[in-house]
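Undergrad: What follows is a single structure, and I will ask about it in a moment.
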Amino acid sequence: MLKKVFKLKNFVENKNFKFNTLLINNNNNNYNSFNKRFYSKNLIMSVPSSVIENHLVPKEIPVYRLNARESFNLLTEKEQLYAHHISVACWWGSKICLGQTSVESGPIFNLFQNLFSVPDLKSTVVPNIISEDEYTDLLSYAATFYGNMGNYLSFGDSKFIPRISKEKLQLVINKVNDNKVNQYWSKSSELMYSLDKQVRELGIDGNGISTYYSPNITKAEIEKVQKFMDSKSLSPYNTRLFKVSENNYNLLIASATTSVPTTSHQFDGYTINIVYGDWNKNLTKVVDNLKLALPYAANDNQTNMLKKYIDSFYGGSIDDHKDSQRWWIKDISPAVETNIGFIESYRDPYGVRGEWEGFVSMVNKEMSMKFGKLTDNATIFLSKLPWDKSFEKEKFNKPDFTSLEVLTFASTGIPAGINLSNYDDIRQTDGFKNVSLGNVIAARKDEYVTFIQESDQKLFNELSTEAFELQVGIHELYGHGSGKLFTTDADGNVNFKVGEVINPLTNKPIDPKTDVYKFGETYDSVFKSLGSPMEECRAECCGIYLSPDEKILELFGFADAKKAEDIYYVNWLIMARAGICALEFYSPPSEGAPGKWRQAHMQARYCILTTFLRSGIVTLDKSDDDVIVKLDRSKIRTVGVKAVGEFLNKLMVFKATANIDASIKLFDEYTHVNDEFLAIRDIVLAKKKPRKVFVQAHTYLDSNGKVCLQDFDDSTQGMIDSMITRFGKDDSDMS
């Protein structure tokens, strides 16, 4: 096959480096300096044109504006001030995501902040330096970068590069001739365009890059350090791990303070140094703005929550963050809903370290009433899930479940719904909260939908938003909110009656020694990288399993039998189609490297598609250039629900009993991509559509101290304008 030559940097390992631990307190610059020492020698390499095309930013980016003005205007002045200061804290923290994504993301961010701040940039470079189309390509790359807070897709973990050539972008840089622009271009240009095999995806152990870890570390080493952390009940959520030298590791703790002395620990032949001050400059700004929010808290729960956030981000204590979540759970139905911290572990290739996330939103009272009815009837619907009551928590702590209009979501992407806290001990004893992000779900337009029948097009477009709201509600409340973990406390006591709880898969009693989480273990620490796809699969299955229930459909306002049937049909169709689309997020085996899934939700949906196909409820109509999902609606409430229920029961039992080995075997079987589906994957890639990015409003204080809300166009330029307005050219946290 002919290959298109693409000039890139290929970074070759240099094993004779010394890691300067004094760089720890310079945020992600410690990794930058380390990475530059670790990789050396510039080589020219060839990359197949098909690979290049898969990583180029699409020519057209769907940009949606998150409209929050109406809900924001309904807030009191005090509530607006509370929302504003926490929003600012969230956004300053979001720059941590840049360093959590790649070493070049920080410099690229600052390059664009300075480049797009140049007055009349377009007229300066178009048409004399670059064409209109090339400038549009530059805007598309920048908007995609800002939408993902880095140069790897937040949904799929694959790298994207500019469609405008490096040579043409260099001409733009030369024409602008700005010192800061030149500085950040020199720091980022090579890696921005690199498609070396090692940097195409996020990963570890030679299968991608990850800035949660130094590039010289192996999965086996990460595993051993995790055992040390488990033995100390030390959470990995706000940490990174760097290998200094043979058997010598720095465990970095995110904190604003840099004054905590480094402590060294010996563990199974390893020296593990606990070093505070990672992301200290970012977290200092987070702490400062959270302090400004304190006077505007609506009640003691919010005040105590903010104080614990401040303590956690300043001192680096996850126990303080857990306390913040306890106060947050107690703050029922606030006018302004927020959460902030190192939250989701999806993008850690090992599956335990949290990405920065912060959101501020306002309650949609009408939709929240529907979710409230789900909560009020929780005991009824939880009893309908396909496992014995001994696998359910003894007491269901009624959570707050609201539909929110997002004002700020500062991270690498925006979900449709959230179930927090992620801490197992809090979920099991204190409870949790569910939120559905209404203005995110509603941000869609009618379009031709790939991989479904022509006869389903109209119904899909008409009902997909309502069906998805139903799925999100059940997914978050009865999916993530259900189930019990069998655990052991510090004294060796278990949280169930020995001899009385039967494993339905073996018909034997739960073994208090082997079928439990040992003291110090958590779901994430046991299941690691499988934890996210398995839990998302369990939650999605709960949504699919319960969505045909007549009572649930009535609670959501679908009393008419025909519309109710259409709603759950479309919900199941969305899931079946998603299983096909999931193949975009699978990387086939290549040059000795095994195939891998790059996105937890999509691996989960492929798993569910396999369940559908095995039951016979779904068939695929395949041709050379298309594949069509055919769902038999007459079998959903019988064959479909039975098949999903049996699979869901396995997921729950394996999770409850910490059975990682059986879970790996199950997922290897259900998410294996054979030759038939590799061929379908080629069709999916040929028809794939870019994911939407969201332009968010900006809040600021006027000269009288009143909060103002600024909106931006739903365009690539609008996305760029929002980030220039929000951050300006401040790079003090990157120095």
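Cβ atoms here come from the backbone N, Cα and C positions, even for glycine.
All TrEMBL annotations are machine predictions without curation.
Residues or ranges marked as active site by TrEMBL: Glu476. Feature annotation from TrEMBL assigns Zn(2+) binding site to His475, His480, Glu536.
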Undergrad: Distance between Glu536 (Zn(2+) binding site) and Glu476 (active site) at the Cα atoms, whole Å?
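TA: That separation, Cα to Cα, works out to 10 Å.
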Undergrad: With a radius of 8 angstroms around the mean position of the C-beta atoms of His475, His480, Glu536, what other residues of the same chain does the Zn(2+) site pick up?
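TA: Other same-chain residues near the Zn(2+) site: Gly417, Asn419, Glu476, Gly479, Glu535, Arg538, Ala539, Glu540, Cys542, Gly543.
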Undergrad: Return the residue, from the listed binding-site residues His475, His480, with the maximum count of other C-beta atoms within 10 angstroms of its C-beta.
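TA: Of His475, His480, the one with the most crowded Cβ is His475.
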Undergrad: Pick the one among the recorded positions Glu476, Glu536 whose Cβ has the fewest other Cβ atoms within 10 Å in this structure.
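TA: With the recorded positions Glu476, Glu536, fewest surrounding Cβ atoms within 10 Å: Glu536.
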